[in-house]
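What follows is a single structure, and I will ask about it in a moment.
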Amino acid sequence: MPLPPMMESSPTMAKEMVVRHHLLPGPRRTAHNMSSSSLRKRSDASLVQKVPCTALRALLANLNEVLLGTKLFLLFPAVLLAVAATFLHFGQVWVFVLSLIGLVPLAERLSFLTEQIAFYTGPTVGGLLNATFGNVTEVIIALFALRDGKIQVVKCSLLGSILSNLLLVLGTSLFLGGVANLGAGQPYDRKQADVNTGLLILGVLCHWLPLMLSIVMLLAYLAYLFFQLKTHRQIFEPQEVEEDDDDLVVSEDEPVLRFSSAMIWLALMTLVTALLSEYVVSTIEAASESWELSVSFISIILLPIVGNAAEHAGAVIFALKNKLDITLGVSLGSATQISMFVVPLSVVVAWTMGIPMDLDFNLLETGSLFLAILVTAFTLQEGESHYLKGLLLLLCYAVIGVCFFVIRRRADDNNDGVHLDVGVASSSTNTDAS
């Protein structure tokens, strides 16, 4: 079996890795992995192979696979521009926008690196890695927002991610998939949808009750992982991709990175993601003032759309190919991970930091989440889709977005009015006193 280019510099280590790879089963292909694979491309290593120095050739091949092995590689300069804009004081709004753009390719590369590590750790550990790093952007943003005491940003961004996955991503996928496959049936397996919607209903129930039920949610999520990775993994197996769709997914039967290289790159990408997430959290108020949008609206609508753009694009691509099981696995799986893992984890971390955060969302937020889950559950109950279902989900998302925009804007206007009245009253008092 030919060795990957980055293994050439150490033949002994390469042989050991290949043997270990054959001893362990390859990473189990999940809907999340398949979605990310649709945005990858086969990197051209022909020029790299002409480099005479073995060590330099291995390094360049490594960089080629990690940085150029994605269709989103053109967005990587935004990472450097965000850092430059911070140190050169270009303006906080520029930092906010560039950081959001830079997070898009980083999220896809984190998925790629966890797959590479799964080649050496086996499918179970690989599945746990995917569950952990599948929504690492949301987790890091939540942690930085907690550190700065921005509890509302944490709650709104996580709520927005769930709403985005359930209504925007799934709605867009079902609508475009229905239009693209107008004359064909669009079946999907309801079992996975039933499991995820059940967990989501449990999550929103915990949000509604005035109790600290984060531990219950985390236990339920652990049971879900055991159910998904061990006892009923066949329910979550994605649809097979036919031979004529080989250009849709870049399949990898063997690792292209050594285990040590993948771990180093994973740590590096996580650090860069953390840096950009910190930029986003620290500049969100400046963007809010510049665009005249509330921080809550930006956190609920804009952050989830941009932060999960790569994963969302993959879900839509598979819907166009009439692979709805993969689309459902991406959207519902991500929503379940955020609701049952990221949200309670944020509460537990806040407790340890001495920050008074709980699961008590406001009435509008909790009501919107419950209605989104209810509409999604009813939409998926038949086991077959068409474009009208997707359109209904999109309209629901638009209505919720308008509600948050109008109500938050009205609240901000009322607050400004209160401050103005206080100022006028103070001036009048001073005038009378004089």
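Each residue, glycine too, has its Cβ placed from N, Cα and C.
Just so you know, TrEMBL annotations never went through curation; they're auto-generated.
Keep in mind that this is a model prediction, so the values were computed, not measured.
Per TrEMBL, the features are:
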type     : residues : note
DOMAIN   : 93-229   : domain 'Sodium/calcium exchanger membrane region'
DOMAIN   : 262-403  : domain 'Sodium/calcium exchanger membrane region'
TRANSMEM : 72-97    : transmembrane segment
TRANSMEM : 117-146  : transmembrane segment
TRANSMEM : 158-180  : transmembrane segment
TRANSMEM : 200-227  : transmembrane segment
TRANSMEM : 262-281  : transmembrane segment
TRANSMEM : 293-320  : transmembrane segment
TRANSMEM : 332-355  : transmembrane segment
TRANSMEM : 361-380  : transmembrane segment
TRANSMEM : 387-407  : transmembrane segment
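Could you give the neighbours, burial and distances for every feature on this list?
Sequence-distant contacts of the transmembrane segment (158-180) (same chain, at least 6 residues past either end, Cβ-Cβ under 8 Å): 135, 138, 142, 186, 200, 299-301, 303-305, 307-308, 311-312, 315-316, 318-320, 322, 324, 327-328, 330-332, 334-335, 338-339, 342-343, 346, 361, 365, 368-369, 372-373, 375-376, 379, 385-394, 396-397, 400.
Same-chain neighbours of the transmembrane segment (387-407): 163-164, 166-168, 170-179, 182, 293-294, 296-297, 300-301, 364, 368, 371-372, 375-376, 379, counting only residues six or more beyond its ends whose CB sits under 8 Å from a CB of the stretch.
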Compare 200-227, 262-281, 293-320, 332-355, 361-380 by their Cβ pairs under 8 Å to the transmembrane segment (72-97) and return the stretch that comes out on top.
262-281
When you check the transmembrane segment (361-380) against the transmembrane segment (293-320), do you get at least 3 Cβ pairs under 8 Å, counting only pairs 6 or more apart in sequence?
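No, these stretches are not in contact.
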